[in-house]
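A.B. asks: Relevant sequence annotations retrieved from Swiss-Prot are reproduced here:
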- 1-11: topological domain 'Mitochondrial matrix' (TOPO_DOM)
- 12-40: transmembrane segment (TRANSMEM)
- 40, 45, 441: Na(+) binding site (BINDING)
- 41-50: topological domain 'Mitochondrial intermembrane' (TOPO_DOM)
- 51-86: transmembrane segment (TRANSMEM)
- 61, 378: Fe(II)-heme a binding site (BINDING)
- 95-117: transmembrane segment (TRANSMEM)
- 118-140: topological domain 'Mitochondrial intermembrane' (TOPO_DOM)
- 141-170: transmembrane segment (TRANSMEM)
- 171-182: topological domain 'Mitochondrial matrix' (TOPO_DOM)
- 183-212: transmembrane segment (TRANSMEM)
- 213-227: topological domain 'Mitochondrial intermembrane' (TOPO_DOM)
- 228-261: transmembrane segment (TRANSMEM)
- 240, 290, 291: Cu cation binding site (BINDING)
- 244: O2 binding site (BINDING)
- 262-269: topological domain 'Mitochondrial matrix' (TOPO_DOM)
- 270-286: transmembrane segment (TRANSMEM)
- 287-298: topological domain 'Mitochondrial intermembrane' (TOPO_DOM)
- 299-327: transmembrane segment (TRANSMEM)
- 328-335: topological domain 'Mitochondrial matrix' (TOPO_DOM)
- 336-357: transmembrane segment (TRANSMEM)
- 358-370: topological domain 'Mitochondrial intermembrane' (TOPO_DOM)
- 368, 369: Mg(2+) binding site (BINDING)
- 371-400: transmembrane segment (TRANSMEM)
- 376: heme a3 binding site (BINDING)
- 401-406: topological domain 'Mitochondrial matrix' (TOPO_DOM)
- 407-433: transmembrane segment (TRANSMEM)
- 434-446: topological domain 'Mitochondrial intermembrane' (TOPO_DOM)
- 447-478: transmembrane segment (TRANSMEM)
- 479-517: topological domain 'Mitochondrial matrix' (TOPO_DOM)
């Protein structure tokens, strides 16, 4: 019965599929919200109403894209599908908890949408800073609903993280060491450790905000001896690792895609890649205050956070050059996933360079809360995380469905999307350097040109997203079956055929390890 299969599933492949479908649906909502933002900003003057409704849309766009699109797709979707197949496990360590992790997300999403639907909505930005998020500036239940939504999404992620960590450490064949697992498995391991360490801090911060709003505590209210800066420290101690949580699984997927389409049996510098991911994970926890350069920190504190932030560029550079070295000398197959991966490498590097600019506290004081930061963030996320999702989706779609996507149309869709996102976000660097602040629904006429260009870019991206839906429909409609897979011995997820049987590795895999070191 369909209800038993999908509602009560304990199968990692089915739960992965549920995550992918949920993430795609949330992605449509998040895209719609982003188009409302760009429609409002396409011309000077007001379109949708006041700043409150505009900021509700901005806040919802951020939460939907982060918690209900990127994380469910990368960690829940690709993680569930691929990790057990890549390590030879019959399923996840805790299959029923896996099911609960997924089913906590739709109620969480519902609470977030409800927060926008009651009173005036939560127009706080995704950071939910008090006193704007307090009960004076945001009377009513909107912010409370947002907090409960975040609680549920957080519990979901923590449970999934426990599940992945246990699975990856305990469910490998005995002969396989951790340093022989694929890089995607490593990326999920590092990501889930980051989630496990950072989410409880967010939970503490938003719970304190909840009691400040409803129970008259004063954690963040100077009138009772509290400090709103404490909230910023708690939030960003989660918020900075979060952006690495969003990109690390993408790093893992890009490593697989680049190696596969370069015709290599493994990525260049495997150990360097692993240690780089662990270094990024560690450093991600000790740089949070670079989001707070404008709150009046000591000069030595600012110096520390500036240098610590710049250090993250080193392991990131190790990864970028290892991807390029993997491509070097390969028999390159110019298929769509590789195009997405190459776009990722180039544009993520551009985003990383603007990150180096923002790491300088003196420069950041000028650029903070301008569109320069928006441009930086969207270069590393839209053109990092989303490009990685696209590369991984097109690469593994035949594995998950048994059908192949139309290669020419996916290439056209890549070109459209590439033009769209660059046209959307590149001009925002100019707006930021010219001093246009974020989170305002209107602007002086001087900023009109680049805002118009940016909004046109967003419409091109929309066409590309709609085209992707058509391409997926076309694949299921035409039913072109997979013919052959190259190098299934080094890409073990393909070993069982496309799609793999409902249950794989029912007997423990026999692994004979050849040690080359």
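Glycine residues also receive a Cβ, built from the backbone N, Cα and C atoms like all the rest.
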A.B. asks: Compare the C-alpha of residue 369 (Mg(2+) binding site) with the C-alpha of each of the binding-site residues 40, 45, 290, 291, 441, and give the closest one.
C.D. replies: 291
A.B. asks: Let's see if you can do this one: DSSP helix, strand and coil counts over the topological domain 'Mitochondrial matrix' (262-269), in that order.
C.D. replies: 0 helix, 0 strand, 8 coil
A.B. asks: Are the transmembrane segment (12-40) and the transmembrane segment (95-117) close enough that 3 or more Cβ pairs fall under 8 Å, when only pairs 6 or more apart in sequence count?
C.D. replies: yes
A.B. asks: Whose Cβ, among the binding-site residues 61, 291, 368, 376, 378, has more other Cβ atoms within 10 Å than any of the rest?
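C.D. replies: When each Cβ's neighbours within 10 Å are tallied, 376 tops the list.
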A.B. asks: In which DSSP state, out of helix, strand and coil, do we find residue 378 (Fe(II)-heme a binding site)?
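C.D. replies: In the DSSP reduction, residue 378 (Fe(II)-heme a binding site) maps to helix.
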A.B. asks: Using a Cβ cut-off under 8 Å, which residues of the same chain at least 6 positions beyond either end of the transmembrane segment (336-357) come close to it?
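C.D. replies: That would be 247, 250, 254, 257-258, 260-262, 309-310, 313, 316, 320, 323-324, 363, 367, 372, 375-380, 383-384, 387-388, 390-392, 394-395, 405, 407, 410-411, 414, 418, 421-422, 429.
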A.B. asks: Can you tell which of 40, 369 has the most other C-beta atoms within 10 Å, given these are the binding-site residues?
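C.D. replies: Per the Cβ count within 10 Å, the most buried is 40.
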A.B. asks: Among 51-86, 141-170, 371-400, 447-478, point out the range having the most Cβ pairs under 8 angstroms from the transmembrane segment (407-433).
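C.D. replies: That would be 447-478.
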A.B. asks: Based on Cβ pairs under 8 Å, which of the stretches 51-86, 183-212, 270-286, 299-327, 371-400 lies most in contact with the transmembrane segment (141-170)?
C.D. replies: 183-212
A.B. asks: Near residue 290 (Cu cation binding site), how many other Cβ atoms are within 10 Å of its Cβ?
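C.D. replies: Its Cβ shell of radius 10 Å holds 22 other Cβ atoms.
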A.B. asks: Is it possible to list how many residues within the topological domain 'Mitochondrial intermembrane' (118-140) are helical, extended or coil according to DSSP?
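C.D. replies: Each residue of the topological domain 'Mitochondrial intermembrane' (118-140) counted once, the result is 0 helix, 0 strand, 23 coil.
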A.B. asks: Work out the three-state DSSP category of residue 368 (Mg(2+) binding site).
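C.D. replies: Coil, per DSSP.
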A.B. asks: Can you tell me how far the Cα of residue 40 (Na(+) binding site) sits from the Cα of residue 240 (Cu cation binding site), in Å?
C.D. replies: 29
A.B. asks: Find the average pLDDT over the topological domain 'Mitochondrial matrix' (401-406) in the predicted model and report it.
C.D. replies: 97
